[in-house]
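TrEMBL annotations:
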type	residues	note
DOMAIN	246-520	domain 'Sulfatase N-terminal'
TRANSMEM	7-24	transmembrane segment
TRANSMEM	44-62	transmembrane segment
TRANSMEM	67-85	transmembrane segment
TRANSMEM	114-135	transmembrane segment
TRANSMEM	147-164	transmembrane segment
Amino acid sequence: MNKFEKGVATVFLLLFAQCLLLFFHTQFNIEDFSHYVLEYWPNYIFNLFLLYILFLFFLVVLNRKPLAWFLFFSTIVLFSIANYFKISYRSEPLLPSDFSLIFQLNQILQMMNINHMLISILLIGLILFIFIILMKMKSEKIFSNKQRFLLSLLLAFFIVSVFYSKHPNSPYQVVANFFGNHDNYWDLTEDYSQNGQIAGFIKNLDIIVMEEIPENYSIDAVNEIVEKYKQKAKEMNVGNTPLENQTVIIILSESFMDPSRIPDLELSGDPIPYIRKLKEETTSGLMVGSNYGGGTANVEYEVLTSFSVNYFDASLSIPYTLLVPNLKEVPNITNLFEHKIAIHSYNASLYRRREVFEKLGFDVFIYENGKYDLTYKNTKDDGSYISDESAYQEVLDLLKETTGNTFILLTTMQNHGPYTKEQYINLFEVINDIDEEEKVKIETYVQGLHYTDMATENFIKEIDEVNRPITVAFFGDHIPSDVFDSFEQEHEEALAFFETDYFVYSNFETEKLDYPLISPYTLGSLLIEQLKMENTPYYALVSDLKKSVPVIRWGEYYKNLEEIHIYEELPEDLKETIDDYKLIQYDINVGEQYSVDLGFFEFIDE
């Protein structure tokens, strides 16, 4: 082949690689594939350049073209498959931060569909086998040592530049913007679709905690907010009492939601009659999250800190792993309590929970095979995970051992996927005429919900027998992924796929509050109001948000399910409250933590 023919062949192979990436990214949807190529073709030309740089990297390192092409396509295929699975399970694309979970690969594989897991293992094995064969084959060297050295310098410059891809006027950003690259951080899947999968991935290598730096950030600006909400807290605390001998139990129930809200789904019976009735009698409603099908650690983070992940940059996909361990102070709701205990009905290998919970101030972290091991590890029927019944018993035992004001966080696992026919004796049937595999998934998931309902009823009865004031805040973290596939396809924009259920129950008389809609980050403030506890200035601020815009979700502000606004449409006083909140979030997570030193997160001394 002459140079021209070789060049044409190279372009063809790069085009094939790009088509492979986009085809997997669009979940094999030809219509979407065509739309993105035709609408955003300049961005895809830029992606071809990025793909060539990747190929050139392998070529310079190996100096053998067949081997370089093989590793190049192996990388593309593995990326495409991983991206496909991530979108299928979580409705978001593969991110650089996902590779921080590589050391928990065993746990991740256990949560995957068995067919997907086998395909992945076989593919990796095949790639390694072919790689070994190619390594033993002789082939012509492409570059001289001098050429390799010069190309290595150019590649090194490029590699360094991609880690500054979000910095204004960086070389990478200038070139990317020339081709029409733009940001769509509220929907990363769409961002990858419009800008290209490689360009989208590279943008998230440059981890920025918060994209917008407040122009007025200073100790004076923070102090002004602190003083404003100290006064607000004093006013709110009139008639409220200090926290004494209270026990608060927060139950993050894995994948719990009311399936009757799934549009068009018909079941043979109600799997959650007790919780449905309890919601009618207590402070309860819907909790709207930011993620579909996953993101438990982010929900935990929002509940504990009352900071919204919506104000973090998209590259900071998991605050637990990428942010919390690096902070000097992480103010959170446990600071209000004397005793703080976390329980997880699984091991602690994911999301750096051991390190994070220590940073958050938990005295004890109980998890499977940990320093403080779980006492109860039974499953329901042949279920894959520790049952909610066992998890609740763990809490009940703790109540016998603790005194004084106590905070307990329980994160359950019973209803985690995958959902297979072998797990339970399914008593509920799907009436809809849908694919048999999907029907089995739904019926298994719904049976798990029923077991949760029964366990919760028994748990509440036991709580009522304890002679001390106890409050239970129960909620689902997200709806399950890969379960309601056919219903999602018909109702892609339905908010039901981001709604879970919550209730707050006390074993003593409390007022039933009217909060039909909340977010994870407002739960702490709701508990303080429910128990008539004293507010810190910070929770006075969060309380203002809870009452005005209980849900903040990817650039949209929800007053209720019907009244949704963007920031520019909000009244000026509410904008000011939101700006105050964002400035404090910036101060703690990026800035100098002035608000900590100024007592923003502490009770006010009279």
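Even glycines carry a Cβ here, placed using N, Cα and C.
Unlike curated records, TrEMBL annotations are generated automatically.
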The recorded stretch from 7-24, 44-62, 67-85 sharing the largest number of CB pairs under 8 A with the transmembrane segment (147-164) is 44-62
Within the same chain, the residues 6 or more beyond the ends of the transmembrane segment (44-62) and with Cβ under 8 Å of it are 10-11, 14-15, 17-18, 21-22, 36-37, 68-69, 71-72, 75-76, 142-143, 148, 151-152, 155, 158, 175-176, 179, 181, 195-199, 202
Confidence over the domain 'Sulfatase N-terminal' (246-520), expressed as mean pLDDT on the 0 to 100 scale, is 92
